[in-house]
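Pulled from TrEMBL:
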DISULFID  Cys190-Cys200  disulfide bond
DISULFID  Cys208-Cys217  disulfide bond
DISULFID  Cys224-Cys234  disulfide bond
DOMAIN    102-187  domain 'EMI'
DOMAIN    186-218  domain 'EGF-like'
DOMAIN    220-259  domain 'EGF-like'
Amino acid sequence: MPPQIRALTPELQQTANEQLHEVPDRLEADLEAFKTWIKQQPHLNSRTDDQFLVAFLRGCKFSLERAKSKLDKYYTLRTKYPDHFNVTTTRGPKFREIHQTGRHICVQQRTITMPVKTTEVYTRPTWKHVSTPCQPQSYSGQMCTRVQVVHEPAYRDVIKHKTAQQMTYDCCTGWSRENPRADACMKPVCSTRCQNGGNCTAPQTCSCPSGYTGRHCEVDVNECHVEKPCDQQCVNTPGSYFCRCRQGFVLQADQQSCKKVSTHDDDAFEARDLENDIDDMDPEVATRLQKIERSLANERVHTNELQKSLQATYSVVDTLQTRLSTLEKQAQDVSRLQTNLYKTESRTNKLEGMLNLLLKCRNGPNANCP
């Protein structure tokens with residue numbers, strides 16, 4: 001004889017509702033609001049049954065905004081870190097159905113033409129023997145036989161084309177798949193190719209290398225006008241520049257500084273130092289002055305090289321700091337998600353324990369029943 005199941009008492013029902021923050025009168029309204037929000041998200045699948053959505057709301061204690069935030073955050077993390085999320089171990093196929101379309105996926109409606117086999121009626125001409133009164137009539141009632149064309153109905157199978165509306169999931173405008181098997185559309189599309197070595201980093205957006213700018217990296221940067229890096233003459237070239245010196249000066253190893261060429265066998269003077277020769281000068285003082293000028297010129301070349309090295313080092317440090325900050329944020333998101341999933345699982349286990357207790361109480365009273 002099967003056990004008799006008693007109805008859930010109002011006290012136990014109220015206790016369960018308080019634990020889940022569930023208000024039966026608002027359940028239908030919250031469910032409809034949740035479904036409406038999912039339909040408005042192009043990367044989520046709106047064809048999800050109500051039972052799964054109700055279970056998801058229960059896991060978030062019927063907080064609609066929390067459910068939206070958790071669902072979208074989980075999906076974003078799943079797209080960024082596919083190796084951390086095994087789709088096959090997720091609870092049930094309905095949960096996988098929401099995310100199987102991938103990131104930057106939009107629902108598109110298109111008209112398709114399908115061949116349909118139908119049967120149609122048509123008239124077919126046929127020669128038949130027909131009996132008619134003889135002309136002219138030799139005898140009364142005499143009938144003659146003749147052949148005439150008769151159109152009879154016939155049936156045949158034909159192929160007709162019928163149009164229908166089909167819902168498809170494809171990449172949103174401005175995005176494409178990195179490979180044919182990718183679930184997400186994470187590759188941006190630039191209708192006009194990025195020029196001069198630029199990379200397409202966002203829809204219709206190019207990231208330009210040094211020396212170029214513009215929407216498609218088609219504009220050359222005039223470093224001579226913007227940076228003015230040369231001591232004397234600067235010549236702009238596509239994507240770069242080079243320095244030249246006036247007559248009587250020579251370009252140094254840093255490719256920016258100029259030194260004056262001496263008319264004697266002694267060393268050159270720096271271009272930005274004194275250009276006027278001192279005629280009546282003590283030879284010893286002149287020699288010391290030349291040594292000082294050479295030392296200053298070498299020091300400037302060394303300083304320019306050191307500044308370039310420092311700038312390159314600063315750039316590397318900034319890049320590493322940016323990557324470290326990104327990794328820290330990603331680690332925090334993963335940790336927060338794991339914590340939330342653990343809390344949800346704990347609440348689910350607690351609810352299962354309460355339901356098991358209710359079933360035992362229905363089968364018969366015991367010491368644990370309230």
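Every residue number used here counts from 1 along the chain in the order it is shown.
Each residue, glycine too, has its Cβ placed from N, Cα and C.
Distribution of TrEMBL features across the structure.
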residue: Cys190; record: disulfide bond; Cβ contacts under 8 Å, 6 or more apart: Cys200, Pro203, Gln204, Thr205, Cys206, His216
residue: Cys208; record: disulfide bond; Cβ contacts under 8 Å, 6 or more apart: Cys194, Asn196, Gly198, Gly214, Cys217
residue: Cys224; record: disulfide bond; Cβ contacts under 8 Å, 6 or more apart: Cys230, Cys234, Val235, Asn236, Tyr241
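Cys224 (disulfide bond) falls within a helical segment according to DSSP. Taken through DSSP, the domain 'EMI' (102-187) splits into 0 helix, 61 strand, 25 coil. Cys200 (disulfide bond) falls within a strand segment according to DSSP.
Every protein chain shown contributes to the tally, and the Cβ of Cys200 (disulfide bond) ends up with 19 other Cβ atoms within 10 Å.
Comparing Cβ neighbour counts within 10 Å across the disulfide-bonded residues Cys217, Cys234, the minimum falls on Cys234.
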